[in-house]
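The following features are taken from Swiss-Prot:
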type: COMPBIAS; residues: 278-289; note: compositional bias 'Polar residues'
type: COMPBIAS; residues: 290-307; note: compositional bias 'Low complexity'
type: COMPBIAS; residues: 318-347; note: compositional bias 'Gly residues'
type: COMPBIAS; residues: 680-694; note: compositional bias 'Low complexity'
type: REGION; residues: 260-363; note: region 'Disordered'
type: REGION; residues: 664-716; note: region 'Disordered'
type: TRANSMEM; residues: 8-28; note: transmembrane segment
type: TRANSMEM; residues: 44-64; note: transmembrane segment
type: TRANSMEM; residues: 87-107; note: transmembrane segment
type: TRANSMEM; residues: 118-135; note: transmembrane segment
type: TRANSMEM; residues: 159-179; note: transmembrane segment
type: TRANSMEM; residues: 180-200; note: transmembrane segment
type: TRANSMEM; residues: 206-226; note: transmembrane segment
type: TRANSMEM; residues: 376-396; note: transmembrane segment
type: TRANSMEM; residues: 409-429; note: transmembrane segment
type: TRANSMEM; residues: 433-453; note: transmembrane segment
type: TRANSMEM; residues: 491-511; note: transmembrane segment
type: TRANSMEM; residues: 518-538; note: transmembrane segment
Amino acid sequence: MEKKKRELDIVLLLILLASAFLNIYNIWKDDTVNPYYTAAVTSMMQSFHNFFYASFDAAGFITVDKPPVTYQIQTISALIFGMHGWSVILPQALAGVGSVLLMYLLIKPTFGKTAARIASFVMACTPIAVAVARTNNVDALLVFFLLLATWLLFKAIRKGKLIWLLAAFFVVGVGFNTKMLQAYMILPAFLLFYLIAANATIKKKIVSLVSALAVLAAVSLSWPLIVDNIPASKRPYIGSSQTNSVLELAFGYNGIQRLTGQNSGGGQGAPNKDASKEMSSSDNTQAPPNQSSSNSSSSDGKSSNGNMAAPPSNGQMPSGGQGGPPSGGDGGQGGPGGDGGKGGTGTGSKMQSGSGMFGTGTPGPLRLFQQELSDQISWLLPFAIFGIAGLLIAGARERRRLSVEQKETVFWVAWLVPIAGFFSVAEFFHHYYLIMLAPPIAALVGAGWVALVHLYRNQTGWKAWLLPGAIIATTGFELFILRNYNDQIGVGWSIGVGVIGVLSAIALLLFKQRQKPFSYYVSLAALLALLVMPMYWASTPLLYGGNSSLPETGPQLASMSGKGMGMSDATVNEKLIKYLEENNSGAEYLFATTDSNTAAPYIIKTKKAVMAIGGYSGSDPAITLTQFKKLVKEGKVKYFLASGMGRGGNNDIVEWVEKNGKEVASEKWQSSSDQKTENTDSADTSSSKASGENGKMGGPGGMNQSATLYELHADE
């Protein structure tokens with residue numbers, strides 16, 4: 001018996017290998033991924049001070065907009081393997097594989113090996129989960145931490161040991177220091193499950209939960225309270241905050257604003273709804289003009305996960321409200337190579353072409369079924385809903401007490417429903433946040449399939465018909481999703497999905513009395529057929545290149561063909577770097593500029609400090625004019641690059657620079673011919689082609705023709 005427990009599940013191994021392939025293959029072609037965060041890792045490698053605070057720049061002037069845990073893990077990876085795009089992606093890619101394994105371990109003890117295999121395979125094939133795992137955004141690691149916490153919680157229930165419960169909430173606290181309040185979205189499920197599943201008196205349950213919540217609070221607030229209690233003069237400014245406070249960042253910008261979409265003031269934070277709509281539809285918006293218009297892409301001209309100057313994971317508008325990223329494509333006309341259309345038409349970025357803020361659809365109860373979001377996460381959501389009914393019915397016992405199967409079903413439902421509800425009404429989120437829904441959907445599909453097959457075999461009436469009903473409903477919904485892509489991928493896929501789904505359902509309806517293996521294999525074949533299109537969607541970042549700043553999946557990536565929304569490789573102006581290094585006279589900062597998008601590629605390329613006076617958006621009140629003048633007087637800042645894209649929230653500093661600085665002749669530092677730059681990537685939405693041909697757009701790292709370099713003198 002002991003030997004049997006240790007047997008290797010070959011099917012699981014194959015699923016893990018498939019997950020590893022989807023998450024890892026070709027990540028080595030993405031040199032700097034999301035430059036905003038890669039710049040931070042570059043800086044964090046240089047000192048423990050930067051490592052602790054997640055400093056964006058090497059001088060420790062300002063932090064990124066998230067807690068440090070993910071970037072500390074990425075920094076350790078970069079220290080081990082060297083600073084490469086793939087080395088900062090690798091932790092997230094492995095976390096994605098780890099999440100697939102955890103799904104198996106969570107489902108198998110109660111629902112069996114088949115359910116566990118299906119759940120892990122669904123998790124591996126979830127399109128947005130794969131897309132996020134192939135970037136340096138934090139969400140893949142967050143989901144891994146939450147699933148690890150869930151495994152510890154389940155162990156606490158089975159073992160009846162308080163230590164496992166405390167460990168579970170400890171890990172959720174680590175999740176808070178990964179992406180703040182997003183980690184708390186699963187707390188309702190944790191609390192409810194422990195109350196209904198723990199074998200203890202209600203008094204003991206409450207005492208245990210209070211203890212666990214105390215651990216959660218201690219771990220969650222450890223880093224924020226330490227940072228907030230350190231004098232501001234001895235630490236970096238907290239990026240994307242208005243009051244230089246981690247707690248304000250957590251509960252304001254990374255908290256309530258995610259739900260309301262309201263601006264916190266000062267031009268920073270979530271754009272308002274009208275600004276978002278303008279960003280999504282405008283043909284004239286530009287990226288931060290910090291790139292020579294003639295610079296081209298990296299040496300190989302390839303990127304597996306291209307980037308864009310859209311908010312790295314937060315939705316801020318670069319350069320002080322100059323709109324969002326360019327509309328993409330050649331010359332910025334709609335989606336790459338064309339008109340973009342409505343969300344899900346098969347061309348253009350979903351953020352550009354979809355309705356609602358950041359192309360996430362119209363808030364409402366059916367938002368997850370709208371074309372803007374459904375192809376990223378919801379393919380099997382109808383099957384999961386039927387699975388809930390099947391699990392609650394099949395798990396029922398003669399006694400009125402909930403069975404173990406029903407209790408765990410309640411847990412996954414309590415994870416799914418509140419988070420689905422949040423995304424149904426929230427104003428301020430991106431497509432890749434939907435990875436939070438991947439675990440409960442995978443669990444309910446895997447366990448639900450087994451329950452539905454059991455009901456089909458052993459029940460009569462409507463309970464028996466839940467299985468064919470689930471197949472028909474899910475088939476119909478997949479055809480609804482595919483209808484917008486038939487012109488691009490061919491109608492054959494829709495026909496194939498429809499035929500297999502309908503024939504499977506008919507076979508189950510007509511031949512119910514056949515022997516049991518028949519129903520098992522027919523229903524399994526139907527489910528696998530329903531997984532074909534999600535798996536294709538999940539593979540599109542490998543096939544066509546992705547978007548490292550705002551990950552998404554789908555055939556529309558093919559139309560970008562490496563030159564659309566987020567597909568271009570970032571470049572820096574080599575002539576500018578050479579000029580600054582020759583003339584900087586030992587200043588602490590290579591140069592100062594308005595925003596992090598402009599600064600990031602230069603930090604990555606030179607490993608030197610570049611001051612972004614307004615943080616990511618250009619509007620953080622990170623430094624006053626008096627403080628800036630003091631730095632100039634001390635010789636720490638000698639050059640200022642005005643991007644020509646507006647002054648952000650630091651008008652007084654830019655005005656002072658323009659009035660007192662000496663303009664450097666453009667021929668001394670601006671390139672006039674193509675210069676390929678290795679080991680850099682774009683965080684911009686405009687392509688290098690558009691940059692080169694039009695002379696008007698530039699990704700972060702160079703400048704457009706309106707950029708100006710000023711020399712500042714200490715005696716000013």
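The backbone N, Cα and C atoms fix where each Cβ goes, glycine too.
Of the two recorded stretches, the transmembrane segment (518-538) does not lie close to the transmembrane segment (206-226), with fewer than three CB pairs under 8 Å once pairs fewer than 6 apart in sequence are set aside. Contact between the transmembrane segment (433-453) and the transmembrane segment (376-396) holds: at least three of their C-beta pairs are under 8 Å, each pair 6 or more apart in sequence. Taking residue pairs at least 6 apart in sequence, the transmembrane segment (118-135) and the transmembrane segment (376-396) share three or more C-beta contacts under 8 angstroms. Remark: the transmembrane segment (409-429) makes no contact with the transmembrane segment (44-64), by the rule of 3 or more CB pairs under 8 A. Comparing 8-28, 44-64, 87-107, 118-135, 206-226 for CB pairs under 8 angstroms to the transmembrane segment (180-200), the maximum falls on 206-226.
Counted over residue pairs 6 or more apart, the CB atoms of the transmembrane segment (118-135) and the transmembrane segment (44-64) come under 8 Å in fewer than three pairs, which marks the two as apart.
Using a Cβ-Cβ cut-off under 8 Å and counting only residues 6 or more beyond its ends in the same chain, the transmembrane segment (159-179) has close neighbours at 66-70, 138-139, 141-142, 145-146, 148-150, 152-153, 186-187, 190, 194, 198-200, 208-209, 211-213, 215-220, 222-223, 250, 254, 313.
Residues 36-37, 71-72, 75, 78-79, 83, 227, 235-239, 312, 588-589, 596, 599-600, 603, 607-612, 615-616, 620, 622-623 of the same chain lie 6 or more positions beyond the ends of the transmembrane segment (44-64) yet place their CB under 8 Å from a CB of it.
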